[in-house]
Amino acid sequence: MKNSSLLFILIVVFVISSSENGIMIGEAKKCSNSWICEGDEKCKEKCMADYKGNGTCYYPSPPSKQHPEFFYPTCWCGFDC
């Protein structure tokens, strides 16, 4: 009983000391939003102002018959949730 308690304490101390700050922190979840792009600069500015993220314009190929809505340039904004 005494040895198992000592072993448990040593394992706990090892786990705490092996982590950077003693606290395990998970990564932030990534989210995104998109809207019709009005230019790269406006896209970046709006994304930063509204979401504190990184925005970029995506210029798709000409529309297909299946997805004509994809013709418009789209501002894609990626940010931490």
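Numbers run from 1 along the shown chain.
Yeah, the Cβs are placed from backbone N, Cα and C, and that goes for glycine too.
The following features are taken from Swiss-Prot:
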DISULFID  C31-C81  disulfide bond
DISULFID  C37-C57  disulfide bond
DISULFID  C43-C75  disulfide bond
DISULFID  C47-C77  disulfide bond
SIGNAL    1-19  signal peptide
- [ ] Would you mind reading off the Cα separation of C47 (disulfide bond) from C75 (disulfide bond), to the nearest angstrom?
- [x] 9
Open item on the list: Sequence gap of 6 or more, Cβ distance under 8 Å: name the residues on the same chain that satisfy this around C43 (disulfide bond), in order along the sequence.
Closed with: C37, G55, T56, C57, C75, C77
TODO: Could you check the disulfide-bonded residues C57, C77 and say which one's CB has the most other CB atoms within 10 Å?
DONE: C77
Task: Residue among disulfide-bonded residues C31, C47, C75, C81 with least C-beta crowding, 10 angstrom cut-off - done: C81
